Amino acid sequence: MSDLLDPQAVAEAKAWRHDLHRHPELGFAEHRTAGFIAEKLKDWGYEVETGLARTGVVASLRKGDSARAIGIRADIDALPITEESGVDWASATPGRMHACGHDGHTAMALAAAKALAAQDFDGTVRFIFQPAEENEGGGREMVQEGLFARFSVDAVYGAHNWPGAKPGQIIARDDAMMAAFGTFEITVTGKGAHGAMPHEGEDTLLASAQIVTALQSICARNVSPLQSAVVSVTQIHGGKAWNVLPDRAVIRGTTRWFAPEVGDRIEQRVSRIASSVAEGFGCTAGVDYQRRYPATINTARNAAIVREVAAGAGLAVLDADPSMAAEDFAFMLGEVPGCYFWIGAGREGDNPGLHSARFDFNDAILGPGADLWVRLALAELAPRADG
């Protein structure tokens with residue numbers, strides 16, 4: 001149990017979490033969620049700004065005379081998934097659910113904000129409730145709209161529940177936590193033909209099949225074996241009839257990397273392979289390649305602070321490999337120092353992963369998670385002897 005949050009506070013956070021879970025909202029449409037957050041923060045004495053990145057909320061509380069400030073970020077959006085968890089507080093909106101635990105992140109941050117309002121510290125704590133983390137780039141939009149120009153911080157922190165670790169465990173690396181990611185769409189254009197007379201056309205499906213195979217050479221032959229990279233084709237679309245070779249096919253997929261030079265190399269090779277292979281089959285290929293998120297890279301000093309505070313709270317600090325998944329908190333870490341860390345949330349027995357239709361945030365980590373946020377803020381904003 002948390003030292004800084006009593007059982008009543010934890011029970012309250014659990015009730016908030018269940019309410020948010022019942023009412024999931026997708027990226028940039030989190031209107032009820034934002035109102036829920038803002039109302040509570042105003043009641044606790046925070047200065048609240050709404051509307052940043054459309055549905056974002058930033059709440060600031062200053063105590064003492066210090067100019068120091070830290071940011072604590074929680075993501076608030078849900079996913080377009082039909083829930084199959086079977087819990088009593090399951091989504092009331094078909095086709096939407098909190099399958100990544102952002103309801104829990106929000107409840108933890110709110111519990112920490114309420115607890116900090118009753119604590120003494122010297123400086124400003126800013127809670128950043130970010131919309132649209134799930135592939136929509138809400139973090140990028142907040143930064144582009146002047147998040148840190150308007151609400152300056154010396155460091156920013158973010159966390160995510162992690163079913164791959166147990167409750168009571170935490171992972172905060174000194175460097176990369178999550179990969180950069182890009183997307184590609186390759187449109188292969190040829191000449192359609194009857195399936196019985198393929199020689200009369202230029203086969204876009206055959207060309208696409210060869211492109212898919214050739215793309216797998218990028219990581220194997222164009223990236224150092226000492227670097228991490230992924231190129232995954234996730235969609236192929238072409239044709240509607242059993243006996244017609246289509247004149248157009250579309251290939252879509254995702255790429256992942258950490259080092260910027262690896263990202264450059266992947267982008268170059270995707271375009272070159274698609275064009276050259278398509279040409280070899282008498283087709284053309286247009287490539288739309290987009291770099292979506294940079295890698296999530298921690299500042300070593302801030303990661304060390306998280307580990308020290310976590311250990312002081314009795315949590316087990318683990319070492320782990322970074323994840324090839326991506327996270328738009330990277331845009332915030334690209335502007336100011338900080339740390340993104342994982343809080344163990346795994347369950348014994350059946351332990352659905354993130355983005356599973358059966359996923360439900362583990363309420364057992366609400367108290368420890370909120371407690372960690374409070375301890376981190378107090379550590380960063382502790383009164384200094386020299387004033």
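Here the Cβ of each residue, glycine as well, is placed from N, Cα and C on the backbone.
Predicted, not measured: the structure shown is a model, and the values here were computed from it.
Of the residues H18, H355, TrEMBL puts just one in the Mn(2+) site with C100, H102, E134, H160: H355. Ranking the binding-site residues H102, H160, H355 by other CB atoms within 10 A of the CB puts H355 at the bottom.
If you take the C-beta of E134 (Mn(2+) binding site) and look for same-chain residues 6 or more apart in sequence within under 8 angstroms, you find L26, G27, D77, A78, L79, C100. Neighbours of the Mn(2+) site: apart from C100, H102, E134, H160, H355, residues of the same chain with C-beta atoms within 8 angstroms of the site's C-beta centroid are D75, D77, L79, H98, A99, G101, E133, L354.
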